[in-house]
Each structure stands twice: as C-alpha cells, then as structure tokens.
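Since the structure comes first, as structure tokens, the remarks are kept for the end.
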Amino acid sequence: MSKEKFQRIKPHINVGTIGHVDHGKTTLTAAITNVLAKKYGGIPKAFDQIDNAPEEKARGITINTSHVEYDTKIRHYAHVDCPGHADYVKNMITGAAQMDGAILVVAATDGPMPQTREHILLGRQVGVPYIVVFMNKCDMVDDEELLELVEIEIRELLSQYDFPGDEIPIIRGSALKALEKDPIWIQKIIDLSEHLDNYIPEPKRIIDQPFLLPIEDVFSISGRGTVVTGRIERGTVKVGEEIEIIGIKNTVKTTCTGVEMFRKLLDEGRAGENVGILLRGTKREDVERGQVLAKPGSIKPHTQFESEVYVLKKEEGGRHTPFFNGYKPQFYFRTTDVTGSVELQKGTEMVMPGDNVKMLVKLISPIAMDDGLRFAIREGGKTVGAGIVSKIIV
C-alpha cells in the first residue's frame, strides 16, 4: 500500500501537556483531539489510545511520550503527552524539548503540586518558550474564590521561573466533562485552542541553517533499512542528500533515502517537524539515541567545554549537599545522558545547591555541540542542575 503524501496547508506547531501526575494531562489530550476533530476534522483519540505503552497499563501512569495531531481554525498541531510522574522526568526532558509551547495542566482541586513546579522548571531549562495554562477539574470546585486563589498561585509560580505569570492565559475547564460531551465544557476546549493559536507565536523556524536532527529512536524496517526518528532542530533534509551521523562514536557519512511524518511520505523534512528518516546502508547497531544527523561539516563532536551552570536547590528537587572538584554526574544533552567530570574554577572550593557557577566539563564520549547548547545535570535519576555550553575547548 503506498502511503499518502502529507498535506502542508496550515502552519505546523509543536505543543505538549505538562503538569503533576493525575491532574488530567492525558484526559485533556483526549478531549482536545475529540472536540477539535468534530469542529475542524481530524482523528479523535480515546484516553487509552494515548495512554498506550505497555508500562503505562501496569502502573496506571504515563511513561512514554505519546504523539497526537489535531487542527485548530488556523493551525496544525503535533502534541506530545508528557509523562507526569517524577520517576520519568528524563522522558519529560526529551518531550519538552519538542515544544514551541506547553499546556500546563493544574487540577483546580489541588492547585500547584511538586511536579507542577518541577515541570515549569524543566520547561525553563529545556527552553519551552511559551506556556498556556489549563485549570482542570473546575466542575468539582463550586467556590469562585478558591478558583481565583489557585489561579493567583499558578501565576506566582510561573513568574518565579521567569515566565510572564501575569500575561499567561489560564483557561478554566473540565477535560472529563468535555469528553462526556457537555457543551459548556466543550467550549472551554475550543477556548483553549484559540489561546494556543493567539498566544503561542508561529515559531521562527531555523529553516535556512544547516540541517540538524537529534536522534530519539532507531528502528530496522525489513527490506528498507534503518530509520531514525526525532524532531528536526534546524534546516531541511531532502531525499537523496548526504548527511553525517555525529557523536558518541566516529562520525559516519550516509544518505537520506526517505522522509516520513505521521506515516505519510515527504520530499523533504523541515525544521520543527517530527520525522522518520531512512538511512542508506546504515546498520541498526551503528546508530543510537543521543547522536545527531546533520549536514556534513556543519557541526563537530566535542568532549570538553566551559559552561555556565545553575545548581538546583534542595527545595527544587536538587542536591541536599555541595559538590567538589572531580564531581562525576550525568550530563543530559538533547536526548541522552553522558558521564562527565567537573573542574571548578580556581578559588572555587565547592558548589552549593542554589549556586550559579562556571565550570569546565570533560565528557567520556563526544557529543555534537555548538556554543549555546543547553544541558541538564542529573544524578540518581533526578535533575540537579541546568547549564549552557559557553565555550568549546576540545
């Protein structure tokens, strides 16, 4: 069966749901696809279709990132439903990296919770530029004053992490009631879609820069070869173009023999799109998550760099104790962790939680990088710092 061509008519925007576990992120994702499919066409998705990876069933919490698509009046959205549970923050980092904007879901019954804060902080770290808030479960709160207090609390929390808390749209709704086809609550989902259209500007795609795609996953398709998936960070890739696989191992040249998006074939992939790229003559075991595909010669792998780092406070889920020269955490770049060691500046004996420091980092495996690349510092499965590459050394 030949695959249909993907129609590019409306501008394409990447969004995702973030927020505390059980506040209704997946229910909201289902409600959006159902309400908007009815209004603007598209395929509605049920809750359990979105909550669809095997681990999720066992624990009743979202682990993997689910992708859905929907149309609004003026745009086409690709939407990731991000994991809510603290154990899966690593996945959230990869999910949040794919957002032109995020929908922060906060249950009106609870108000902001620990993971609400953690996800806002992560959004700040991984560069989510815009947040729209959906205050969920408002059907369960009769007290208008309580709703206002929760709203104030959300705005203050956003401002604390340098988002414009006073300007951010907050929509009061009920995802479950909208799924149950209650017209009052359906309208709230439509309101949300209009706020997404109006508040999140169409991103300035870095389409003219050299092609770069951080690899998220690798598949082997019998008879066709190896496919890598990820979101194109910049530039474009056309079928037939030569590209390089960079980072972790030695740099290898290959050729793009196919581009797919949402199971439809494209002639080229563009910045901002989640795509699968078919690679000529590349074995499944030669490629891994954490590498990048890029235009030949446009980016190099490096292991040593100077960085500007913020070390999280204990209250933010960071370390409880200082660290010293030679500290060896994991450095999380784009889609993967790499172990590295830290060299502090002369005169800096130790780094306390809450400090902002310059440090030299030496990685055990090379990573494709430019100045300005952001990373998270992690240990024992939790984020303990956020940084940016200020100067590449080697």
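Backbone N, Cα and C define each Cβ position, glycine as well.
Given the ranges 60-64, 125-129, 205-209, 265-269, the record in Swiss-Prot names 60-64 as region 'G2'. Of the given residue ranges 19-26, 283-290, 315-322, Swiss-Prot assigns the label region 'G1' to 19-26. Region 'G3' is the annotation Swiss-Prot gives to one range among 49-52, 81-84, 381-384, and that range is 81-84. Each residue of the region 'G1' (19-26) gets a DSSP state, and the totals for helix, strand and coil are 2 helix, 1 strand, 5 coil. Residue counts for the region 'G4' (136-139) under DSSP (helix as H, G, I; strand as E, B; rest coil) come to 2 helix, 1 strand, 1 coil. With respect to their backbone Cα atoms, G19 (GTP binding site) and T26 (Mg(2+) binding site) stand 10 Å from each other.
When pLDDT is averaged over the region 'G4' (136-139), the result is 98.
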